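A.B. asks: Pulled the feature table from TrEMBL, pasting it below:
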- 1-18: signal peptide (SIGNAL)
- 13-228: domain 'GH16' (DOMAIN)
- 112: active site, nucleophile (ACT_SITE)
- 116: active site, proton donor (ACT_SITE)
């Protein structure tokens, strides 16, 4: 029996650290878009390849350019996702992003909801950064609302689904249908309510992306490649009828179920590496949602 105890303890430890099921899967039943049915190239067309059946797009960064794409229409709410595979090896300074924004419609006073993969050095994990900007808080004097995570899998080994669910009441970030962050609407002043477009891009952010800019993009390792597939943009466009209802985030329609909340707590306990609300260097009078 004594010989079995170490094995039992290891098994219990594995169970305690195992990813819990969220119990509800927002991505299920949503059909993926063909690329040109939902998107167009925004910049760097020579650094973008769309598969023949339009089921996937590959974008890359080299010393000449990066690349980006943009949805054909704006949305006022919805569920937005893509399965993404990142590049292994040295990717410091490189950002791969999937995000909502109205920067072109409201320059210098825009809203934005970000999923960003911060490049890394060999042997170190990618950082997944989520962020929310409201009415110019990403312009000029930056007021970010960053929460950063490591992942419980290797994002370079295969495709994984990353999603933003945005409704008039909340923003929820998902990884493989597991909620990792919920940003509820506590006030109209600190919540994005204007229509936004969906974007994807890869670009050089050497000044801040990896260890606050310590490691830069090194073009000896170019091209830096990101692959996207299974695009979903399901929700209410800016032109939809007022009767269009937001996508359900849980079995109850809004919020998270107790099982989803448990899964999110598991992610935040084991894999969250930064929370702006817990940063003592931040001026939290600028982020009242942290204490309200």
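Yeah, the Cβs are placed from backbone N, Cα and C, and that goes for glycine too.
Remember, TrEMBL labels are computer predictions, not curated facts.
If you look at the structure here, what lies around each of the features I listed?
C.D. replies: Its Cβ placed at the centre, residue 116 (active site, proton donor) has 19 other Cβ atoms within 10 Å.
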A.B. asks: Long-range neighbours only, meaning 6 or more apart in sequence with Cβ under 8 Å: which ones does residue 112 (active site, nucleophile) have?
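C.D. replies: Expected: 99, 100, 101, 102, 103, 131, 132, 133, 138, 192, 196.
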